[in-house]
Amino acid sequence: MEILQIAIILIVFVLLCIPIGRYMYKVSEHKKTLLDPVLDKIDGFIYKLSGIQKEEEMNWKQYIFALLMCNAVPAIIGYIILRIQAVGIFNPNHVKGMEQGLTFNTIISFLTNTNLQDYAGETGASYLSQMIVITFFMFFAAATGIAVALAFIRALSGKKKLGNFYVDLVRITTRILLPLSIIVAIFYIGQGVPQTLSANKTVTTIEGKLQNIPLGPVASLEAIKLIGTNGGGFFSANSSHPFENPTPLTNSVQIITLLLLAGSMVVCFGHMIKKKKQAVAIFAAMMVLLLAGAAICFSAEKAGNPALSRIGLSQSMGNLEGKEERFGIAGSSLFTTVTTDTSCGAVNNMHDSLTPIGGAVPLINMMLNVIFGGVGVGFMNMIMYAILTVFLCGLMVGRTPEFLNKKIEGKEIKLVAFAIIVHPFLILMSSALALTTKQGLAGISNPGFHGLTQVLYQFTSSAANNGSGFEGLIDNTMFWNVSAGVVMFLGRYLSIIILLAVASSFAAKRAVPATQGTFKTDNTIFTVTLIVIIVIIGALTFLPAVALGPISEYLTL
């Protein structure tokens, strides 16, 4: 029954990707849709109000400049709001302003689509901050990621201009993110998720004691949290909290929605380059890696804790520590896998309580950072590996490698190599810094191998813009707030800049006709080769660190 539950969720996800991906293609290419009569007027009003010239096209440098400037302004405004949130506007619970280190971490976290939270949502942010800062950035960061991916695909398809960042940002928000979020938020409200501006309720329990029940505009935040692969929760318990994820049905919907746009982006890619088989090959590689991770995580958690088994305690129900009974092993394991496949970072169970092998799965997913990934940017990472795969295969047969009818030359490979190196460099160097400084070691709550995994997970999550964590880490300190913030920032924007440079280099090349000697990239052989290359590079890069963490912990149980 548990396997059937997982299968149904993933089948629904795949089926929904087809129409949503086609719709995203129409939005990106300004094709007609049913919503145009209404949304054209809304978009036009926004263009006039903000002075956007919608006909103006940008090259890759202009696109990046617009992106960076457009990200900088709300970051400054958001920082100010979090610092002064103690004022009485939409703050019925009298939440105090955040201190500077935590504010820096929070702004960078939500700006970069990471949503790493070193604060408790119900006590650390006012309603004003939750709506104006947190929810706004969830839309803004997701729209930015999708816009970059669309510009990336346009360049790969041979267009010299990448579009207009401001126009892309508006259209993605009004035509994709807002409609989906409204539908999902209404569903959540129907399932019992709160949506109110009332203050917290104090109730008398059956034991006769008083308990404070936190409330707030939860449903609206929860919808975009998953749709935009954001992951930050209204409550500190995130999607394990009954007010965020009350039923097995909402849990299934959350899994589907956090995968939906990331998977639909691949379908959109196939339409935009007019090569649907190419999209199928990429999608298949992602699904194989997803299924492998889900199978390993589920098996490890279902087997339970071997240390408890050896002392005679039954493990027939599996490892239920840190999990919600309403979701069970299947719902928790699948959520754990896909939330780190997609760089979402929402959690419906305590990752710190996973078995060593079960906990290694989300860690490795984020280290690879290619399995669907966050909305937009994760897809670009997979294309980066596809380019590298074609290049290596070309070397083996002695031919000039080609991808999408464009020759892959030294410039592209140097940029791709740099982009691949950035991710592990940020993870391993920052982890080494934390493990060799007094401030870093002070945050580790568990000694030995598990403590090392906590540190490794924190920086892997930050570099991958995921945001989930082994919450045993004491991370609300100046050291952890600043170091994680810097890693999140570099992990987001360095990748975007490098990969747009790669795409623009492809756009400048002439298309070459395919010949009998051309390595086909739209078949099973390519999919298998792509998976092997990803696994080999990931193992060569991260295996020593993983061996010192979860693998060593498993061997010592």
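These residue numbers are counts, starting from 1, taken along the chain as shown.
Even glycines carry a Cβ here, placed using N, Cα and C.
Quick look at what Swiss-Prot lists:
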{"type": "TRANSMEM", "residues": "1-21", "note": "transmembrane segment"}
{"type": "TRANSMEM", "residues": "62-82", "note": "transmembrane segment"}
{"type": "TRANSMEM", "residues": "132-152", "note": "transmembrane segment"}
{"type": "TRANSMEM", "residues": "176-196", "note": "transmembrane segment"}
{"type": "TRANSMEM", "residues": "253-273", "note": "transmembrane segment"}
{"type": "TRANSMEM", "residues": "279-299", "note": "transmembrane segment"}
{"type": "TRANSMEM", "residues": "371-391", "note": "transmembrane segment"}
{"type": "TRANSMEM", "residues": "415-435", "note": "transmembrane segment"}
{"type": "TRANSMEM", "residues": "482-502", "note": "transmembrane segment"}
{"type": "TRANSMEM", "residues": "528-548", "note": "transmembrane segment"}
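Segment contact is absent for the transmembrane segment (132-152) and the transmembrane segment (415-435), given fewer than three CB pairs below 8 angstroms at sequence separation of 6 or more. Against the transmembrane segment (371-391), the recorded stretches 62-82, 253-273, 279-299, 415-435, 482-502 differ in Cβ pairs under 8 Å, and the greatest number is found for 253-273. Below 8 A, the CB atoms of the transmembrane segment (279-299) and the transmembrane segment (482-502) form no more than two pairs separated by six or more positions in the chain, fewer than 3 in all. Only pairs six or more apart in sequence are counted, and the transmembrane segment (62-82) with the transmembrane segment (253-273) gives fewer than three Cβ pairs under 8 Å, not enough to call it a contact. By number of Cβ pairs under 8 Å, the transmembrane segment (176-196) is matched best by 253-273 from the list 1-21, 253-273, 415-435, 482-502, 528-548. Taking pairs at least six residues apart, the transmembrane segment (528-548) and the transmembrane segment (1-21) share fewer than three Cβ pairs below 8 Å and do not count as touching. Within its own chain, the transmembrane segment (482-502) is flanked in space by residues 60, 63-64, 67-68, 101, 104-105, 108-109, 112-114, 116, 118, 148, 151-152, 155, 162, 377, 380-381, 383-384, 387, 412, 415-416, 418-419, 422-423, 426-427, 430, 433-434, 440, 458-459, 462-465, 475, which lie at least six positions past its ends and keep a Cβ under 8 Å from the stretch.
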